[in-house]
Amino acid sequence: MPNPPEYEHLKNQVRILSLNGGGARGLFTISLLAEIERIIEEKQGINGFKVGDYFDLITGTSIGGILALGLAYGKSARELEDVFRKQAGYIFPEQKYPRFFPVFRRRYRLARGPLYDSKPLAKTIASMVGEESTFNDLKCRVLIPTVNLSTGKPQFFKTPHNPEFHRDGRIKLIDAALATSAAPTYFAPHYCVDLDSYFADGGLVANNPSFIGLHEVFRDMATDFPEAKVSDVKILNVGTLGEEYSLSPSSLAGKSGYLGLWGMGERLVLSAMAANQELHKAMLLREFATHDAIGNFVRLDNNIPHEAASDITLDNASASSLSNLASRGRQLATEEFTKNKALADFFKVPARKFK
């Protein structure tokens, strides 16, 4: 089918929205996207604008994967922001530790099981995409990384955008969402009945899924974009205020044994996620630089000020932390949309439908 006139100059261009993992910090991500919707509606005098309509592929990990599925399902970023902000406190309830020995109390809890029950998370996901919806119901191509604990391999849930795909179309969205967000120590592994497998958080392999999104264009999206080159791919990557995680030299030198250094595994998980996030970003930038297309990668994120770092954590869903996250997301959206033409260019023409 020939391209409509407004798409002719974009026939080889591929736009990807990539959403990082980060637990409760995902409110920063979705608040930023929601503010972009508000800005564009105000500037253009329109109603019902949805950021998800402007991308050929949406990829996301952990909370980013949940949000990616919601956007591809047809929800606006503002709808998802409203749901997540209301439910975050139920997903990550405040831990009622005694005044004394809180660290030991937390470790005792972890020794018996994960920190949080997955049921409130499942309920939140269901309110976003339904309990029975499948990948066949999505309006945009999607790529969701997870770790299949039963096979010991990474696994990527996808829409059936490759004619050879026969598996994921029937998979329920809620299963993929729970799989990609099952962060070790925080949530139990997710069991998917349809695949008879257990899954863990996709952040263990690709907390920033931008590079695997680029790879997807030339592998399983090649039927739809047979002439696309690396220089034709544009990626908007939204972070979660959590680019770096490191242990202090004094901690590394002074701690001995697993418990002393890693606690009950939380610091190990966060270190692994932060390191692979930096690795994927570095590989992506190198690939774009090789093709003289470094400007095709637009990254929206902020470093957390030192004094705020202890408050803005993966599982802090206190009212003050959520307000901080939402405010930072809205502020960055306003600043970048005003001065960054490359950001505004993502939203000039809606993406072509893949079905």
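Residue positions begin at 1 at the first shown residue.
Placement of Cβ uses the backbone N, Cα and C atoms for every residue, glycine included.
Matching 3-8, 21-26, 129-134, 165-170 against Swiss-Prot, the residues noted as motif 'GXGXXG' span 21-26. S62 (active site, nucleophile) and D201 (active site, proton acceptor) have their C-alpha atoms 6 Å apart, to the nearest angstrom. Of all the active-site residues listed here (S62, D201), the one with the fewest other CB atoms within 10 A of its own CB is D201. Looking just at the domain 'PNPLA' (17-214), the mean pLDDT is 92.
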